[in-house]
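Below: the structure, in structure tokens.
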Amino acid sequence: MEINRVGVIGAGQMGAGIAQVCASIGKVVTLCDIKQDFVNNGIATINKNLQRSVSKDRISQKQMDDTLCNVTTTLEMKDLKDFDIIIEAIIEDVSIKKELFTDLGLICDSKTILASNTSSIPIGILAEASGRPSKVVGMHFMNPVPVMKLVEVIRAKTTSDDTFDTTFNLAEKLHKVPVLVNDFPGFVSNRILLPMLNEAMFCVMEGVAEPEAVDTVMKLGMSHPMGPLTLADFIGLDTCLAIMEVLHNDLNDDKYRPCPLLKEMVKEGKLGKKSGEGFYKY
Ligand SMILES: NC(=O)c1ccc[n+]([C@@H]2O[C@H](COP(=O)([O-])OP(=O)(O)OC[C@H]3O[C@@H](n4cnc5c(N)ncnc54)[C@H](O)[C@@H]3O)[C@@H](O)[C@H]2O)c1
């Protein structure tokens, strides 16, 4: 199946990036969120990213203009009803995502593929909620979407060959490197990454070292391009906590217990870069 029209739901840091990369290869994209301010912020993010690429001579002004022309916005999910694929990038909350997939299953054409950019929630749960399980797949982009090459394409037990192949091909057309991953909580990326970030938080909580020192150890000692606490701030501490909770509950193993400091910071509204403060101030 050829994908021409892409709906992206959730205009936050991931949704804006996904809309941008789809629009940049000529897809017709509609970005949907629940408030006008949020879609406006999404478009502002795309604008800023493209402007930076123009100023670094990575793309021409015309490519920027063409990409922006391919993106429209809406607050109404029903505007996406006859799209070829919908990529969901709303907050990492299983009950809100399930509700959204149920609505999408009712609203969208039977041909529409429903993809989720979830970081951790098993795709099978969303597939079941949609009432059209063969059409549901995971399409897990990395942050920042325009820069990072990897896309985990998650195949649930019910995902059809056509749904999987079309999604995998779309990721390739986006100049990404898709990797087939089976449907487990946290998939591969966050099953491995998040426990490390969580452990870095335990180091701070227990007084092993200050955040800067923890990050420096991992950057200089392990050649990580970014320290784990900087990365956690960048992902969003609310998203980190949500992922740890999925790993802890669904894999039923205490080795995934979220660090109490992480819980405390999220409760205080310290969500990282997006709220202006996390392990660092922005
Ligand atoms: N942040 C990361 O590094 C990262 C990386 C990969 C995947 N993800 C996943 O991508 C998803 C989005 O993460 P984010 O960091 O962009 O979050 P974010 O908080 O930046 O954005 C989420 C957006 O979803 C919107 N939203 C919430 N409920 C909605 C609904 N019912 N309908 C429409 N819009 C709704 C919010 O208004 C907000 O604009 C999550 O599932 C997250 O786990 C995040």
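Just so you know, the numbers here start at 1 and follow the chain as drawn.
Positions of Cβ are set from backbone N, Cα and C atoms, glycine also.
Taken from TrEMBL, the feature NAD(+) binding site covers Gly10, Ala11, Gly12, Gln13, Met14, Gly15, Asp33, Glu92, Lys97, Ser119, Asn143, Lys274. Classification of Gly12 (NAD(+) binding site) by DSSP places it in coil, neither helical nor stranded.
The domain '3-hydroxyacyl-CoA dehydrogenase NAD binding' annotation in TrEMBL covers 6-183.
Annotated domain '3-hydroxyacyl-CoA dehydrogenase C-terminal' per TrEMBL: 186-282, in sequence order.
In the three-state DSSP reading, His140 (site 'Important for catalytic activity') counts as strand. Less than 8 angstroms from the CB of His140 (site 'Important for catalytic activity') sit Asn117, Thr118, Ser119, Val151, Glu152, Val153, Ile154, Val181, Phe187, Ser189, each of them six or more residues away in the same chain. What TrEMBL records for His140 is site 'Important for catalytic activity'.
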Assigned element (helix, strand, coil) containing Lys97 (NAD(+) binding site), judged by DSSP: helix
Among Gly10, Lys97, the most crowded of the binding-site residues [Cβ within 10 Å]: Gly10
Binding-site residues whose CB lies under 6 angstroms from ligand 1, from Gly12, Asp33, Lys97, Asn143: Gly12, Asp33, Asn143
The domain '3-hydroxyacyl-CoA dehydrogenase NAD binding' (6-183) [mean pLDDT, rounded to integer]: 98
